[in-house]
Amino acid sequence: MKRKLMAAAIGVTAAFAAPLAFTSEELNFDAYRQMLADGNPAELFEMEGEELWVTARGPKNATLEQCDLGLGPGVVEGAAAQLPRYFADTGKVQDLESRLMHCMETLQGIPSGEIIGGKFRQGERGKLASLVAYVVTHSKGKPIAVDVSHPKMQDMYAMGEKVFFYRTGAMDFSCASCHGEDGKRIRATHLPNITTNKGAAEGWTSWPAYRVSNSQFWTFQHRLWDCFRQQRTAEPVFASDVTIALSVFLAAKSNGYEAQWPGVKR
Ligand code: HEC
C-alpha cells in the first residue's frame, strides 16, 4: 500500500514537471477531433439512448416519453443546456443523470439503488449513459442557460465552489490544484483553468464525451468520478449532492457558452 502511494506521488510530481506549452501532439489531437466531429462515435450511444427512451421497460413496462427534464413531460430539445436545475416535484436540484434516474424509477419502476450501486458502463447505469448521449445531443449548439436564482441552486453553487477548493486525500490536492491555473498540462492533456468562466465552460460544454483512447462514452458523472480518483480522494457516490454541486458550479460559470455535446476526447 505504502509503495503504491509512493508510486502515485512520483507519478504526479513527474506529471507536474512537464512543460506548460501545447505540444504538437496536443495540436494534432485538436485536428483529429475536428475530423471526427462529423462522425462522432458517440452517435452509436445516442441511437441506443433514443431507442431506450421510447421502449417500454422495467417492472412498470413504461417508456420514458413522459419524463420531465425541466421543460415539460417528454421535452428533450434544449433540456440539457438548462441542467442542473431545481425541480419542485422532488424538492431537489438534479443534474441530467439524477433526473433520468428519477424518471426511470418513477415511470418504469427501475430502482435508483441499482444504478447508484452499479458500475459505469454496465447494466442500468450503462443504459443511463446512452440516454444521456441521446438527451445532450438535442442541446448541441445551444447556449448554456442554467438558472441559479432558486435558493437551493445558490446553496448548491456555494457547495460546489467550496468542494472545488477543498484540499483532501493522500496528496492534499483540491480540484484547483490541477485546474486552478492557465496553461497547465498532465502529459499531453491540457487542463482547463476552471476558476475562470472560460475554463469551466471548456470542461462543462465538452462532456459528456466519446473517449477515443478507450472507445468509451463517458457522462459528466463519470468524468467527475475519475477526477476524484486523480485527486487520490474518496470515490463520490453516483449522483450524490457533492457531484451535483460541482456540476452546478461548472455549469453556472459556463452560462452563455455553446454546448458542444457530445464531445470527443483523447
Ligand atoms: C491530479 C490532478 C487532477 C485533480 C486533482 C482533478 N483533476 Fe480534473 N482533470 C485532470 C486531468 C488529467 C484531466 C484530463 C483527463 C482526460 O482527458 O483524460 C481532467 C479533466 C477534467 C475535466 C474535463 C476538462 C476538459 O476540458 O475535458 C473537468 C471538468 C474536471 N477535470 C474537473 C475536476 C474537478 C471538479 C475536480 C475536483 C473534484 C478535479 N477535476 C480534480 C486532473 C485532475
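Placed from the backbone N, Cα and C atoms, the Cβ positions cover glycine too.
As recorded in TrEMBL, the features of this protein are as follows:
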type: ACT_SITE; residues: C227; note: active site, cysteine persulfide intermediate
type: BINDING; residues: C67, C103; note: heme c 1 binding site
type: BINDING; residues: C175, C178, H179, C227; note: heme c 2 binding site
type: DOMAIN; residues: 155-266; note: domain 'Cytochrome c'
type: SIGNAL; residues: 1-17; note: signal peptide
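Note on the domain 'Cytochrome c' (155-266): mean pLDDT across this stretch is 95. Nearest by CA distance to C67 (heme c 1 binding site), out of the recorded positions C175, C178, H179, C227, is C227.
H179 (heme c 2 binding site) has a Cβ environment of 21 other Cβ atoms inside 10 Å. Under 6 Å, Cβ to nearest atom of ligand 1: this is the test, and of the binding-site residues C103, C178, H179 it is passed by C178, H179. With helix defined as DSSP H, G or I and strand as E or B, the domain 'Cytochrome c' (155-266) counts 48 helix, 18 strand, 46 coil. Set side by side, the recorded positions C67, C103, C227 differ in how many other CB atoms lie within 10 angstroms of their CB, and the most is found at C67. The shortest Cα-Cα distance between C103 (heme c 1 binding site) and any of the recorded positions C175, C178, H179, C227 is the one to C227. Cα-Cα distance from H179 (heme c 2 binding site) to C227 (active site, cysteine persulfide intermediate): 10 Å (rounded to the nearest whole number). In this entry, heme c 2 is bound by C175, C178, H179, C227, whose most widely separated C-alpha atoms sit 10 angstrom apart.
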